[in-house]
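Novice: Below are the features listed in TrEMBL for this protein:
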DOMAIN    10-175  domain 'Endonuclease/exonuclease/phosphatase'
BINDING   D121, N123  Mg(2+) binding site
SITE      N123  site 'Transition state stabilizer'
Amino acid sequence: MVMHRHLNIISLNVNGLSSPIKRAKILSKMRKEKIDVVMLQETHLGIRGVAILFSNSVYFECTSEIKDKEGRYIFVKGKIENNEVTFCNVYAPPGERWTLFDKIFNLVATETSGILVCAGDFNLILNPKLDSTNQQRRSPFKMKIRKVMQELGLIDTWRNFNPSQRDYTFYSTGTPQNGIKYLKNSSFT
């Protein structure tokens, strides 16, 4: 299965989209940077919430969707250029993430087909040496996450293209900096 075009995909934890100004900024960013797909976490449109936005330049024919009633994930399956694609967007809060990961891994294994793009805010650090200023972080679940990623053919796309760069997607005054967002995808060829 070969995609005849590249998709420009971003993942953003927006921490609320009730502000019309914030919504306009996101749409403006999509246009200016020619972003095809935006995966949003913590939309707070209602309670919690994740969303997937498609640019007008991408014809995505949706065939099915699975949504978490708590607004923690959404799976959208469909076609782009006659290629089956499944988009999975996740917000995994720290206190709930391991139970949520089990649900998501089960859905990825049973409900996805074709190309898989899984993005979101996983509140997870797989490589403390590169993704955190606090290098003492240890999690018993890292090995499990890595094993599932390997079994499902998922890669950390950003880390794949930046194997040794120290960079963070989260910063809070008074706490160590951490890289907690991941964009995972299966092979496009």
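Placement of Cβ uses the backbone N, Cα and C atoms for every residue, glycine included.
Where the annotation comes from TrEMBL, it is an automatic prediction and has not been curated.
In terms of burial and nearby residues, how do these features look in this structure?
Specialist: If you draw a 10 Å sphere around the CB of D121 (Mg(2+) binding site), it holds 26 other CB atoms from the protein chains shown.
Over all protein chains present, the Cβ of N123 (Mg(2+) binding site) has 19 other Cβ atoms lying within 10 Å. In the three-state DSSP scheme, N123 (Mg(2+) binding site) falls into the coil class.
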